[in-house]
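Inspection log for the structure reproduced underneath, given as C-alpha cells.
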C-alpha cells in the first residue's frame, strides 16, 4: 500500500515557510501571528504631550494656543451707568424724567465690560490707579411744572455725556506734599500795618528773652 503524497507535500511547504520566516525574524508576524506582513516596520511612538498646556487652571481658563503675557497691553474702561430722575427747583418739578450718565468707581478691564465706554491703555497690572470721571457734558432744556396753577418754566441743565478713565499716581495721594495749615494772609496794598500788632510782637519777644 503506497502512502499518499499530499500530506508529504503539505509538510514540506509548511517547513519551507517556517524556514523563510526564521530568516526574516519574528517581527514579521502581526495580529497574533495570523498575518504575515514582511515589509511592515516599527512606527515610533509619539512624544507625550505636556499636561501643563492642557491644564486650564494653570492658564487662567484660557486655551493653550492663546497664552497670556502679563506685559501685554490690556484695555481698561468705565462701566456705563444710566440714572433716571426728576429735576426739582423749589416746589416745581420736571414734567419728564431726565436720564443722565453717572461716572463713578474704578476702571475695569474692557473684556469684562460689554457696555464699556471711554477706553484707555493699561501698561502695568500693578501700576497707577485709574478712576472713572466725567469727560464731556451736554446741555438740555427741561420744562418744570409748578403747583398752584402757575405757568410752567423752562430750565437749562448740564448733564454728563461721556466718561473717561483718569490716571492717578502715587503723587496724588502724598499728603506730606499738601499744606493743611492756615493760609498766610497776603499783604494788602495801600494799607500800613497796625501799630498794635507790632507792639504785641515786641512784647512777646521781650517775655521770651526775660527767662
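Note: Cβ is positioned from N, Cα and C throughout, glycine not excepted.
The signal peptide annotation in Swiss-Prot covers 1-23 and is backed by sequence analysis.
The region 'Disordered' annotation in Swiss-Prot covers 38-68 (among others).
Per Swiss-Prot, N-linked glycosylation site is recorded for 51 (among others), and the stated evidence type is sequence analysis.
Reduced to three states, the DSSP call for residue 78 (disulfide bond) is strand. For 78-132 (among others), the entry in Swiss-Prot reads disulfide bond, with the evidence type experimental evidence.
Per Swiss-Prot, domain 'CTCK' is recorded for 80-170.
Annotation source Swiss-Prot lists disulfide bond at 92-146 (among others). Shown in sequence order, 91, 92, 152, 153 are the residues of the chain, 6+ apart in sequence, with a C-beta less than 8 angstroms from the C-beta of residue 146 (disulfide bond).
In the three-state DSSP scheme, residue 103 (disulfide bond) falls into the coil class. Within 10 Å of the C-beta of residue 103 (disulfide bond) there are 21 other C-beta atoms, taking all protein chains into account. Per Swiss-Prot, the feature disulfide bond maps to 103-163 (among others); the stated evidence is experimental evidence.
Annotation comment: Swiss-Prot describes 107-165 (among others) as disulfide bond. In the three-state DSSP scheme, residue 165 (disulfide bond) is classed as strand.
Positions annotated as N-linked glycosylation site by Swiss-Prot, on the basis of sequence analysis: 173 (among others).
The region 'Disordered' annotation in Swiss-Prot covers 176-211 (among others).
Looking at 92, 107, the disulfide-bonded residues in this record, the fewest other C-beta atoms within 10 angstroms of the C-beta turn up around 92. Note: the Cα of residue 163 (disulfide bond) and the Cα of residue 107 (disulfide bond) are spaced 10 Å from each other. A simple way to gauge crowding: the CB of residue 78 (disulfide bond) has 32 other CB atoms within 10 angstroms, across all the protein chains here.
For the recorded site, residue 92 (disulfide bond), the DSSP three-state label reads strand.
Counting every protein chain shown, 26 other Cβ atoms lie within 10 Å of the Cβ of residue 165 (disulfide bond).
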